[in-house]
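Peer 1: Before I ask anything, here is the structure I am working with.
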Amino acid sequence: MTSNLINLFFVAIGVLAIFVYLLAVRSSNQHYKKWPSYRSLYWVMGVFSAEAALVGPIATQAHHNFAVHMVGHLLLGMLAPLLLVLSAPVTLILRSLSISKGRRLSKMLKSRFVKFVGDPFVASVLNIGGLWLLYTTELYSAMHHHVFLHLLIHFHVFLAGYLFTASMIYIDPISHRRSYLYRGIVLVIALSGHGILSKYIYGTPPVGVPSIQAEQGGMLMYYGGDAIDLVLIFIYWLQWYKGNRPRESQDLRESI
Amino acid sequence: MRTTKAPQEIDKQLNSRAILSGILFGVGLVTFIDEMVFHQLLHWHHFYDKSTTSLGLISDGFFHGLSWLTTVGGLFLVADLRRRNAWNWKRWLGSVLLGAGVFQFYDGTIQHKLMMLHQIRYNVVILPYDLIWNLTAIGMVVIGYYLVRKSKNSYKQMNLTGSNS
């Protein structure tokens with residue numbers, strides 16, 4: 001019974017998220033240049049990706065099978081955040097809010113708290129550190145016995161994934177920009193932490209996980225994580241490449 | 001932040017950017033080949049070998065994390081050098097070999113031997129494999145260094161004749 005209620009709750013959030021986004025697109029299109037449809041597509045795909053991890057066959061089987069759990073983790077904590085960040089939700093919301101509300105929101109985004117959790121290093125600790133905590137302690141097995149803990153952990157995985165992605169590539173306006181070098185160093189550390197954890201899981205299964213599942217899950221985490229991170233890395237460098245374009249009036253070799 | 005710099009200074013910066021680009025791509029390339037050929041195709045290497053020390057696991061993880069960032073970054077730097085008309089094949093290729101060779105040597109000596117990370121191949125006499133692995137690495141470093149040294153003159157010349165507008 002509770003699981004049905006939770007499923008309903010997740011589906012409702014997903015439907016609401018798509019509905020509100022499309023509503024905001026309509027409102028934005030009335031006042032500004034047409035909102036790119038690929039951004040809307042990213043949003044819808046991102047919501048579906050998160051939903052696929054939360055309800056349906058993957059979510060059901062994830063309770064018993066660690067490898068399936070890892071597929072869900074990749075969808076909820078990595079792919080969904082990436083797609084949602086690429087859909088530029090903050091830009092869209094700022095466009096469709098009234099001026100006073102928009103100011104309030106942008107003031108909030110400039111707050112010390114957002115600056116703190118939005119720092120690449122803090123976001124990485126929340127994201128990767130959280131995973132270490134989940135898979136190397138008894139938290140993972142406890143998660144399957146307590147509904148509330150289960151919800152909380154999934155919420156954290158998703159939110160931390162979003163924060164992490166948004167702190168590495170700048171799609172939405174951001175007031176606390178960090179240098180490419182700093183972001184790059186933190187990104188390497190975070191990717192290493194993810195890769196090391198997947199090999200650690202491969203060799204040391206979490207409590208209650210059979211070793212064959214841990215091996216499958218570890219390899220999925222390793223290679224699946226790589227595939228999604230590669231997109232993140234590509235966008236990171238593309239932004240550097242565009243931002244360092246020599247100005248046309250200048251010597252091409254100027255302004256390095 | 002865009003100030004006018006002396007041409008020599010720009011040349012120097014572009015020179016080091018070319019070398020950086022090559023080294024980054026070289027390190028990335030060699031880890032990629034390692035992953036593709038030895039892990040995936042030949043199945044010589046093991047994904048995780050129980051004798052690996054934790055330091056080996058960390059070192060391997062760090063270079064794995066680094067490799068994608070450097071591969072993609074090295075190529076974006078190539079694109080950047082090209083749009084600035086500062087491209088030099090010899091210098092770049094030399095730096096690629098330098099980066100690849102140094103990393104392969106590190107992998108073949110410190111990671112495989114000292115940190116007991118997975119071996120090159122299992123159930124065989126490992127010495128010839130180790131020797132070929134590390135001698136290839138040293139060969140790449142030597143050729144790479146030679147190419148970078150040799151590219152210096154041609155690079156200066158290119159800048160003199162091929163001035164950009």
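Every residue gets a Cβ built from N, Cα and C, even glycine.
Where the annotation comes from TrEMBL, it is an automatic prediction and has not been curated.
Note that the structure is a prediction, hence the values are computed from the model and not measured.
Pulled from TrEMBL, these are the listed features:
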- A:6-25: transmembrane segment (TRANSMEM)
- A:41-59: transmembrane segment (TRANSMEM)
- A:71-95: transmembrane segment (TRANSMEM)
- A:116-135: transmembrane segment (TRANSMEM)
- A:147-171: transmembrane segment (TRANSMEM)
- A:180-200: transmembrane segment (TRANSMEM)
- A:220-238: transmembrane segment (TRANSMEM)
Peer 1: Among A:6-25, A:116-135, A:147-171, point out the range having the most Cβ pairs under 8 angstroms from the transmembrane segment (A:220-238).
Peer 2: A:147-171
Peer 1: What parts of the chain pack near the transmembrane segment (A:6-25), using Cβ distances under 8 Å and only residues at least 6 beyond its ends?
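Peer 2: Same-chain contacts beyond the ends: 35, 40, 43-44, 47-48, 50-51, 54-55, 59, 87, 89, 92-93, 95-96, 147, 151.
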Peer 1: Apart from its near flanks, which chain residues at least 6 from the ends of the transmembrane segment (A:71-95) lie with a Cβ under 8 angstroms of it?
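Peer 2: Distant contacts of the transmembrane segment (A:71-95): 21, 24-25, 27-28, 31-32, 35, 39-43, 45-47, 49-50, 52-54, 58-59, 62, 102, 105-106, 109, 127, 131, 154, 157-158, 160-162, 164-166, 169, 171-173, 220-221, 224-225, 228-229, 231-232, 235.
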